[in-house]
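A short write-up of the structure that comes next.
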Amino acid sequence: MPETFITSKMKTKAGVVEADKEADLEKKEVATLTKPTSVVKYNLTNFRLQRILNNNTRNKSIALLGCFPEQSDADKAVVIFEKQAFRESEVATESDQSGKQLLEKNCENNVKDTSLMSYFCSDLKVQTEFINDIYGSYQCVPPVELSGVKTTVIYPASQKHIEKYTVCQKYIISESPELYEEITLPYISTSQHSLEWVYNILDHKQEVERIVYEDPDPETGFILLPDLKWDGRTLETLYLLAISHKRDIKSMRDLNAQHLPLLRNIRLRAAEVIEKRYGLLSAQLRMYLHYQPSFYHLHVHINPIRHDAPGIWCEKSHMLDTVMNNLELIENYYQKATLPFVLHEGNELLEKYELKMLIRRAPKHLSEKYNEKDETSSSKKLKLDDVTISEVVSK
């Protein structure tokens, strides 16, 4: 099947998107776009806060729950503000006079091309807090073009969206194949998020201008585009999704050896395109799948290994190379394996597992150990002698 490489500067005319393929990829046109589906319109400045769901000081992000009164008081909206990582180009300085003048001109004229902006220009506002010997502390306000906040809006937001962004207790579930068939599969078959937005992308109804690369083959093809978490500019925080054209794979549980050509194609083609377009080598990329995924249509997450992206932790992510290797060793590996995944407090699936097994109650022996007091000790510390500690750890 023919392949399509879509460059960052796409031209749309009479409903046709012209794509320029570089190097060995031939130039060709993308099919005429179908009419976009209706989109709910709202004014972000009219957002009314109801409560803060999560204030993540490590990631410099905050998730808010509220509504857009001009649309509906009942429909909930989730708004996520995220301060962006520094781009190395934004701290560049020019030693020659012409380069210095260019940076000054960009600041003075409020240019929109932030790739030409630098923090070190006359528009940088500096407030000195103190200077002590070799140490100085300042508050700096950079040019407005470098002060943007990545903003994501989910509207109308379902209860699952609200739960996803809310701070709460989390629990690890060890899902056997039997538990998957008995509990997980029936749940996701009736309660998963709508996939309409995924099909809009695959059918070229929405987000066409964001597509980085497409292989349209119905069996091994996929679309590569930026994840909502990425601002589309900062290379250091690059985050792409490879979404399969094949629509009958919900998650890793459905994968078998017959899907190896699809997975290998994603691995190979995505790496080639990213190296050509973003200058990152295959060995610098992290490609992985989530379990459980946030939506049940096969997709692969891709970001640089230098970036601590959300969801890369061992209890959630599975490296694509490992997944392929498992399927090469055992063709139905993921129909036989016990897979761990995380559920958070309030999740309906957690309630269903709670009916089957002990999850949230503290084991009796552990709570009793910690409730014991040393009556002879004036400080009344817990009895955590070597024997007690070893017993707790062993259990």
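Backbone N, Cα and C atoms are what each Cβ position is placed from, and that goes for glycine too.
TrEMBL: automatically predicted annotations, no manual curation.
What TrEMBL lists as active site, nucleophile is H299.
Annotation source TrEMBL lists substrate binding site at W197, E207, D227, K229, 290-301. If you take the C-beta of S294 (substrate binding site) and look for same-chain residues 6 or more apart in sequence within under 8 angstroms, you find K164, H193.
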Rounded Cα-Cα span from H299 (active site, nucleophile) to W197 (substrate binding site), Å:
14
Spacing of the two Cα atoms, H299 (active site, nucleophile) and H290 (substrate binding site), in whole angstrom, works out to 9
So for Q292 (substrate binding site), how many other CB atoms are inside 10 Å of its CB?
21
Using the structure shown, find which entry in W197, Y296 (the binding-site residues) has the sparsest Cβ neighbourhood within 10 Å.
W197
